[in-house]
Amino acid sequence: MDKNKIMGLTQREVKERQAEGLVNDFTASASTSTWQIVKRNVFTLFNALNFAIALALAFVQAWSNLVFFAVICFNAFSGIVTELRAKHMVDKLNLMTKEKVKTIRDGQEVALNPEELVLGDVIRLSAGEQIPSDALVLEGFAEVNEAMLTGESDLVQKEVDGLLLSGSFLASGSVLSQVHHVGADNYAAKLMLEAKTVKPINSRIMKSLDKLAGFTGKIIIPFGLALLLEALLLKGLPLKSSVVNSSTALLGMLPKGIALLTITSLLTAVIKLGLKKVLVQEMYSVETLARVDMLCLDKTGTITQGKMQVEAVLPLTETYGEEAIASILTSYMAHSEDKNPTAQAIRQRFVGDVAYPMISNLPFSSDRKWGAMELEGLGTVFLGAPEMLLDSEVPEAREALERGSRVLVLALSQEKLDHHKPQKPSDIQALALLEILDPIREGAAETLDYLRSQEVGLKIISGDNPVTVSSIAQKAGFADYHSYVDCSKITDEELMAMAEETAIFGRVSPHQKKLIIQTLKKAGHTTAMTGDGVNDILALREADCSIVMAEGDPATRQIANLVLLNSDFNDVPEILFEGRRVVNNIAHIAPIFLIKTIYSFLLAVICIASALLGRSEWILIFPFIPIQITMIDQFVEGFPPFVLTFERNIKPVEQNFLRKSMLRALPSALMVVFSVLFVKMFGASQGWSELEISTLLYYLLGSIGFLSVFRACMPFTLWRVLLIVWSVGGFLATALFPRIQKLLEISTLTEQTLPVYGVMMLVFTVIFILTSRYQAKK
């Protein structure tokens, strides 16, 4: 080591690096700003069209017809709140502490904030401290805990020229190191930057509705102008009436009702899951989970409890019985600085008086797979993997491994401990085997079996030994436990090729976890990922839906879609049920909403076509006004579908939501179109007044809508019958109330119009039943 490194950087060198921007000051921010979120949810084509219609209605002072705009505002507000919450969630993510760093500059040791470090700074790190920046060891020795970053539960030995990763911790020892990377180039910074990418909202229902809105958005302006000019110039209606009638057609084409119900249903699902101790941090993830067909599990904390415990201690020599073994382990763990889960389990089991003072200690290393300690009056005690310490295989160790346990051997030597060149001594004697077990979660087997029955594929992705993971998976009832691979021994290309067919992935790095998820998504799967460590973050962010345990690392909780507050994997099916309930029920009642979209479009086309025929008596003006549609919606699209979305429905989600819903809505929409054409022509031939025609059409429109409500309520139950009675009764009560009649611009069915209504509804009911049965068969 040269003098410059011992002295550290000079103030001049520090200023030069600061001027060059080589400073450890980096904040990983989300890619989406608050303004971008607001803009994305407010300044949309859908909102712009509704706003333009609202302005037109306000301009002609048609105040009673502006009720619809409250729905638009609520939709935009819900979208903003949902995305802001997701942004806030990832903004909080931070893998680094803010503790002062001992830094050598101009030969003096000073305490600096991590963000004040520059490239080339010499820093001194001791046990228990976090590494503030990627650095190379200049002198000293340390055991580093990289579990938070890499998933490796064992400590990693770092000697001269070893690379220290930012975000990891020194478990033992002390080192003098030189900053190798700063700011965005640091390992932890790159990890945070990837994790802080705000994923776009993934809702197939909303995307389907956006497609529909996109289509209507392209035609709505020319349609609106044509309808307005037709009513104003050709039919000679007043400006207010022309605007109101034209607006009704345009509003009917925009699917705002089902968009509102979707958001409301998801919000209720969030509340229900919250009552069941499941925190939903991203509303649309409920829908996504309902569509999941590939669930990737982390072994620790998911299938197992994540709580290591000593299952058994098996003495291997008559010289040292169980009491002697316990005394040695008690002394060893009392002096040991090892903090990995296995050491903690042994320490918890063996407590008491320390019989042997410590002379020297060599911490456990994941490279060596063993640790050692020289104890006064005993010798050098070794604790580690049997295959690394013993020359021959111990049958009992193999049996324990096949049971899914971690096995350690306690051994003794009389040779002195060499810290500079640690190696296995020639006179080593095995004293005992320790079987360490991470218990299977109660109910895990039933949960896995149920998920399989629901057509959900399962994969286990773990940083542990694949043989151990396979054994644990077998005990948990995992069907494909025999299909596993050691990811530390294959390339990325090989991993991508094996991702679809392999069930268990062991020794997986954070990058490989993400790659597995990406490969599965490219294969067409909707993926969910469970995890609890920082090493899972990249995969959790990549998955369509991320689920973490509340007992997991705080960083994973901050970026997860769902957090299991009870840290119980067995809650996953309940979340699946809730998602399927929402998605299936929305698909079930969607035709009720799409009837209006279809008939509004068809009637608008007919109205425009009628103006091109050249005869004034054939010109058709859109027959409804916004307040009429709004009132009918209360009893057709409002309360009944809302109540029906709460019913249990856990069948697998069907594809092609929009296409199937449109086909189911088409017969009813055609009935409305036929009603308008027939009543207009027949009424004119019979000399009916516009009020009589408007009244009959109002009743027909409401009644055709009720046919779809009846279908949605089948098979009938007491509550569903009461729902139908409330809807039909509410519709009739408002239609017969004089004040409301005036507002709706209708009256009561007369002796001339009532029989026509009865005959038409009888025919429509028969047609509706026949078409519904035909569609059900298909």
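Even glycines carry a Cβ here, placed using N, Cα and C.
According to Swiss-Prot, the feature topological domain 'Cytoplasmic' maps to 1-37, 85-209, 261-586, 646-663, 709-716. Annotation comment: Swiss-Prot describes 38-57, 65-84, 210-229, 243-260, 587-606, 625-645, 664-684, 690-708, 717-739, 758-777 as transmembrane segment. The annotation topological domain 'Extracellular' is assigned in Swiss-Prot to 58-64, 230-242, 607-624, 685-689, 740-757. Feature annotation from Swiss-Prot assigns active site, 4-aspartylphosphate intermediate to Asp298; the stated evidence is similarity to another entry. Among the features that Swiss-Prot reports, Mg(2+) binding site is placed at Asp532, Asp536, with the record citing similarity to another entry.
Counting other Cβ atoms within 10 Å of each Cβ, the recorded positions Asp298, Asp532, Asp536 show the lowest value at Asp532. Annotation: stretch 587-606 has the most Cβ pairs under 8 Å to the transmembrane segment (664-684), among 587-606, 625-645, 690-708. DSSP assigns Asp536 (Mg(2+) binding site) to a helix in the three-state reduction. Through the fold, the topological domain 'Cytoplasmic' (709-716) approaches residues 588-589, 591-592, 636, 640-641, 644, 723-724, 727, 768, 772 of its own chain, all at least 6 residues removed from its boundaries and within a Cβ separation under 8 Å.
According to DSSP, the secondary structure content of the topological domain 'Extracellular' (58-64) in residues is 4 helix, 0 strand, 3 coil. Mean pLDDT across the topological domain 'Extracellular' (607-624) comes to 74 in this model. Touching of the transmembrane segment (758-777) and the transmembrane segment (690-708) is concluded from the presence of at least three CB pairs under 8 A, sequence neighbours closer than 6 excluded. Put simply, Asp532 (Mg(2+) binding site) is 8 Å from Asp298 (active site, 4-aspartylphosphate intermediate) when counted between their Cα atoms.
For the transmembrane segment (625-645), the partner stretch with the highest count of Cβ pairs under 8 angstroms, out of 210-229, 587-606, 690-708, 717-739, is 717-739. Counted over residue pairs 6 or more apart, the CB atoms of the transmembrane segment (38-57) and the transmembrane segment (717-739) come under 8 Å in fewer than three pairs, which marks the two as apart. Proximity of distant same-chain residues to the transmembrane segment (210-229), defined by a Cβ-Cβ separation under 8 Å and at least 6 residues beyond the stretch ends, is recorded for 45-46, 49, 53, 242-243, 245-247, 249-250, 253-255, 597, 601, 604, 607-608, 611, 622, 658. Sequence-distant contacts of the topological domain 'Extracellular' (685-689) (same chain, at least 6 residues past either end, Cβ-Cβ under 8 Å): 752-753. Residues of the topological domain 'Extracellular' (685-689) grouped by DSSP class, helix first, strand second and coil last, total 2 helix, 0 strand, 3 coil.
The DSSP secondary structure for the residue listed as 'active site, 4-aspartylphosphate intermediate' is coil. For the topological domain 'Extracellular' (740-757), same-chain residues at least 6 beyond its ends with a Cβ under 8 Å from one of its own Cβ atoms are 64, 625, 627-628, 631, 679, 682, 686, 688, 691-692, 694-696, 698-700, 703, 734.
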